[in-house]
Amino acid sequence: MDSASGGGGPPDPNASSGEGPSSSSRSAAPAATPVAAEPSSASPAPPSRYESQKRRDWNTFLQYLKNHKPPLTLARCSGAHVIEFLKYLDQFGKTKVHAAGCPYFGHQNPPAPCACPLKQAWGSLDALIGRLRAAYEENGGRPESNPFGARAVRIYLREVREGQAKARGIPYEKRKRKRPTVTATAVVGNVSVASTQGGGVDGDGGGGVDGGSSSKTVAAAAATSTAV
């Protein structure tokens, strides 16, 4: 009886259940790998150098308005206040701008140092105004009331540019846009093709007026090429 009961009894459930969870846990382990990789793929890209500089400039200007005597709000800021801010920045400049009475006035490379003050270069101020003008509109300001685009600010920047060019002996040359030139030969060639196509329409019996206008155009183009 003992041998029969021991050999013919039902299988041990603990033995079969012990293998089941271990195999399922091994098969489920790789599924957790993609979940761990999601945070790295969703990380935002760092801001560009221009965006970082624009944010610093905007915070500097807001701090200037806060420390102003009396304090100013952004809504009451005008072009005159922007010019005051640009003059305030001159104390942190690194560009030597010779005064009119300096013996090195107009010298690009002075041979000796002088007591003329250091100021912000025109190029730095012009780029600063461009960044602040964009930051103003990005922070809810209206383009028509943008103080950084005021006419007084543009006039001030032009005066700074011209004054520093004379004081430092650096001429400023405005770039000229190249206008495309059309030769008379190309015009005559295009008109001749158009007249050939017009002749085909005349042959169909429906374009006598087109034929006359094309011949007049060819004659005018020929006269133009002769005059040139």
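The backbone N, Cα and C atoms fix where each Cβ goes, glycine too.
For reference, TrEMBL has these:
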type: REGION; residues: 1-53; note: region 'Disordered'
type: COMPBIAS; residues: 14-43; note: compositional bias 'Low complexity'
type: DOMAIN; residues: 49-176; note: domain 'ALOG'
type: REGION; residues: 194-228; note: region 'Disordered'
type: COMPBIAS; residues: 197-211; note: compositional bias 'Gly residues'
type: COMPBIAS; residues: 212-228; note: compositional bias 'Low complexity'
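Per DSSP, the secondary structure of the domain 'ALOG' (49-176) breaks down as 77 helix, 4 strand, 47 coil. Across all of the domain 'ALOG' (49-176), the predicted model scores a mean pLDDT of 92.
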